[in-house]
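Shown next, in structure tokens, is the structure this report addresses.
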Amino acid sequence: SAYRVNVTKAGDSGDTEVQALSLVLSKVGEQAFRMEEFRTELDKRLNIIEKRLESESLKLVEIERCKKEISEVRDQVWQQGKKLSQASETGSKLVPMSSQDSEDIVLTADNGIKFVSMKRVPAFQKYILSQETVEYLKKPTFDNWHWEPNEMLSLLEHMYHELDLLQEFNMNPVTLKRWLLCIQANYRNNPFHNFRHCFCVSQMMYGMIHLCGLDSLLPKEDLGILITAAICHDLDHPGYNNTYQINARTELAIRYNDISPLENHHCAVAFQILNNPETNIFANVDKEAFQRIRKGMTMLILATDMARHAEILENFKKRTEEGFDFSKKDHLDTTEFIGLPVAFMYHSYSAFSQLKMVLIKCCDISNEVRPMEVSEPWVDCLLEEYFNQSDREKIEGLPVAPFMDREKVTKPTAQIGFIRFVLIPMFEAVAKVRLRYGEVIIILVPCM
């Protein structure tokens, strides 16, 4: 048959149901036990994760503390390196001195600015310059790479003598030497913003004074302000630009409220040096003359902030359309608007003040108008300083400018944009200047 009938007893059916129920209950209990085990394991893992997060948070706090300590150590290393560098140069290039004469001290101003000042005057060797060197020093083709620091000091000293500034300001020649040595000591050993850069900018200013005939047009006081501001314009530069100072919230950025912190610092250091009687080259001028010198130098040094470049150049171009007349007092007045905030003062300056600001800016970026063999090494120096900054910004988690990133920038791309959009427009604007002096019109000839 196709069908089979199984006959079971009534008692057997109940036992089967009990067994099935027991099996289900057993499985449910087993699953409940496993769920409890899983929950216990999950709680254990969550506790481990919480402890790790707490540990990582402590590590982040420790990392921030370490970053701050590293920054402080780096600053100390810079200071020690600067002292060793100066000691090395003093030992090998200066006239022998007694240990007492070579001793120097660190002066700290009330506002916390530190600078090195020579306790005594180690008279650096006076070089006898040939007539060929004297004339060469006036040219924009001057090659700075052939001169040692001690020789550059003598060349700077020669500029003050040749422009007759010692007589104009009644300078003590010994004080001038001491001041120059103190200036050199306060330039750090950066790849680019160092004492050699200070000399190059000053030499270009000296060359433009002669090339454009400004020595016969301007008062001696203004010539002294131009040269002295050029020498002081990057004093104690830390090797990291304003953008870094502001983003890293450094002491300088906090002190100057993010407004041209480096340029304000350069000015402050310059006048802390001049505030010391031993290094005050303007000690013998009257109070009014010193005020004019201070305001004039401050105006010029603050103008070197590239963040203000477009504003200064635009206002200068407007002035060139009107012309510069040296016979008019309002064109010559240099101090009438010095007290205004930097953000909106440039349009208010006199014609001559704006001309002087553009002159120091031209000198500050003038490496590329020199011969290739002179200018190209400076590009390498600048890129090295840029790369040092971008490397530090990456470590500290700060924004990195593309033109400073060693992984993105090349020497040609770094220079083409700068020359095309910054340097050429600036020198072209100066080339269009026509200075009127009574009935005489003088055309400035820049060094391009």
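Backbone N, Cα and C atoms are what each Cβ position is placed from, and that goes for glycine too.
TrEMBL does not curate its annotations; it predicts them automatically.
Per TrEMBL, the features are as follows:
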- His193: active site, proton donor (ACT_SITE)
- His193, Asn194, Phe195, Arg196, His197, Asp234, Asp364, Gln415: AMP binding site (BINDING)
- His197, His233, Asp234, Asp364: Zn(2+) 1 binding site (BINDING)
- Asp234: Zn(2+) 2 binding site (BINDING)
- 117-448: domain 'PDEase' (DOMAIN)
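Locations of recorded TrEMBL features on the structure.
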residue : record                    : Cβ contacts under 8 Å, 6 or more apart
His193  : active site, proton donor : Tyr187, Asp234, His237, Gly239, Glu385
Asn194  : AMP binding site          : Tyr187, Arg188
Phe195  : AMP binding site          : Pro149, Met152, Ile183, Gln184, Tyr187
Arg196  : AMP binding site          : Asn144, Pro149, Met152
His197  : AMP binding site          : Tyr187, Asp234
His233  : Zn(2+) 1 binding site     : Cys198, Val201, His266, Leu300, Ile301, Thr304, Ile360, Asp364
Gln415  : AMP binding site          : Glu368, Val379
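Mean pLDDT, taken over the domain 'PDEase' (117-448), works out to 88 on the 0 to 100 scale. With all protein chains in the displayed structure included, the most crowded Cβ environment within 10 Å among the binding-site residues Asp234, Asp364 is that of Asp234. Surrounding the centroid of the Cβ atoms of His197, His233, Asp234, Asp364, where the record places Zn(2+) 1, the chain contributes additional residues within 8 Å, namely His193, Cys198, Val201, Ala230, His237, Thr304.
Residues His193, Asn194, Phe195, Arg196, His197, Asp234, Asp364, Gln415, recorded as contacting AMP, have a largest CA-CA distance of 23 Å.
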